[in-house]
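Peer 1: As annotated in TrEMBL:
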| type | residues | note |
| --- | --- | --- |
| BINDING | Cys71, Cys75, Cys78 | [4Fe-4S] cluster binding site |
| BINDING | Phe77, Glu183 | S-adenosyl-L-methionine binding site |
| DOMAIN | 57-290 | domain 'Radical SAM core' |
Amino acid sequence: MNLNQTEQQQLDLITRKVEAGERITFDEGVFLDEKVDILTLGALANQIRERKNGNFAFYNTNIHLNPTNVCVYRCKFCAFRADLKSPRGYTFTDDMIRERVQEARTTGATEIHVVGGLHHQKKFDWYLNVVRVIHEEYPELHIKAWTPVEINWFSFMTKKPTRWVLEQMMEAGLSSMPGGGAEIFHPEVREQICEHKADAESWFEVHHEAHNLGLRSNATILYGHYEQAKHRIDHLCRLRELQDETGGFQTFIPLAFHPENTGMSEIHKPSGLMDLKVIALSRIMLDNFDHIKAYWIMLGEKTAQTALSFGADDLDGTVVHELIYHDAGAKTPEGLTVEQLHRLINEAGRIPVERDTLYRHIVREGADWSVGEPILTSAAS
Ligand code: V47
Ligand code: SF4
């Protein structure tokens, strides 16, 4: 690391702030992103990670359901979507949903992760029914569904406020919201990659409303394309602001851009170093988020495992039936077993803990499970 004297002083100040648990500013974040080497970033982030979550590394037993890939939007980074008449397009029937839920039950999944396209011809009731069918089939299963992009679309279709849409979904069985649709909030980048879909203000409005209704949610960033340091740090600062207000975010998930089969295929996939840098910066900047997730599906198992020493404390889960990254060229397996997750975590010198979506300890015997005591880390609230 070649820092001049002023820069070294700035790094020393940031190091003291991290040690004291103080907030890092936007300018300091951009400085860390642009100037500071990965090992220094990793050490700072690891300090925070261990203060918040000790030596634990969390995972969950989950399954994905993308009920349709047909989508009215055309986000440039998306390889998953299909046109209405495309032979690639598919839409789940109720029976197909029930079959997926049965699979979740037999494998002992505690969570189903549901996101998909905005189908040209499906009304709000169809989406509501997806949640209802899952809930009726397996009421104990936690339904983490729909991004603000979808909620915003439902609100547009029904001409009802976001709050009404969320209340209907909660009544049908929705338990929390995933972090997608965030991409990069800054309009300089957002307009290049997904100009038509819900903007940053709408994304925040939906999460704000969800938190007010008592729903917990996640947040993401899509990095490794046209964005620069200032856009990444701006993204993190905006999330930190809402979290100060509501405390409703549970975990932050950096998502590495996968270029294959997308409208941005000229871009190279981010390097392992870039992946670790974004994990570390997220941990350093998001002082009010309890958890940072290294999503092994898109990082690959090796980088995800390494990320457990660079700020991450969670690997997501078994993730059966993932499509969004695999359509975009991810070479990771279609799912990991609990044994494989344990091995990755143990090898990293961490203690594996199975959690539910709300970060409560899962007590398990094969496919039978129950929610145990809260996990006591310094961050546990
Ligand atoms: O919003 C789409 C991203 C997101 C690509 O909350 C891509 O636990 C990389 O929200 N390359 C949806 N990323 C996925 C998502 C998610 C994933 C894992 C865990 C959680 C959680 C949420 O996937 C989209 C977009 O940012 N995405 N295409 C691509 N080619
Ligand atoms: Fe549609 Fe979502 Fe893909 Fe955008 S990212 S095209 S909204 S499926």
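Even glycines carry a Cβ here, placed using N, Cα and C.
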Peer 1: Taking the mean position of the Cβ atoms of Cys71, Cys75, Cys78 as the [4Fe-4S] cluster site, which residues outside that list, in the same chain, have a Cβ no more than 8 Å away, listed in sequence order?
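Peer 2: Sorted by sequence, the hits are Tyr73, Arg74, Phe77, Phe80, Arg81, Gly117, Cys194, Lys197.
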Peer 1: Using C-alpha atoms only, work out the spacing between Cys71 ([4Fe-4S] cluster binding site) and Phe77 (S-adenosyl-L-methionine binding site) and round it to an integer in Å.
Peer 2: 13
Peer 1: Under 8 Å Cβ to Cβ from Phe77 (S-adenosyl-L-methionine binding site), same chain, six or more residues apart: give me those in sequence order, or none if nothing qualifies.
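Peer 2: Sequence-distant Cβ neighbours: Glu183, Ile193, Cys194, Leu222, His225, Phe257, Thr262, Gly263, Met264, Ala328.
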Peer 1: If one looks at the chain holding Cys75 ([4Fe-4S] cluster binding site), which residues at least 6 apart in sequence have a CB under 8 angstroms from its CB?
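Peer 2: Expected: Arg81, Glu183, Ile193, Cys194, Lys197.
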Peer 1: I want to check the contact list for Cys78 ([4Fe-4S] cluster binding site): same chain, sequence separation of six or more, C-beta distance under 8 angstroms. What comes out?
Peer 2: Cys71, Thr262, Ile324, Ala328
Peer 1: Reduced to three states, what secondary structure does DSSP give Cys78 ([4Fe-4S] cluster binding site)?
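Peer 2: The three-state answer is coil.
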Peer 1: Fewest other C-beta atoms within 10 angstroms of its own C-beta: which of the binding-site residues Cys71, Glu183 fits that?
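Peer 2: Lowest Cβ count within 10 Å among the binding-site residues (Cys71, Glu183) is Cys71.
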Peer 1: So what's the mean pLDDT when you look at the domain 'Radical SAM core' (57-290)?
Peer 2: 97
Peer 1: Cβ under 6 Å from an atom of ligand 1: which of these binding-site residues qualify? The list is Cys75, Phe77, Glu183.
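Peer 2: The ones that qualify, in sequence order, are Phe77, Glu183.
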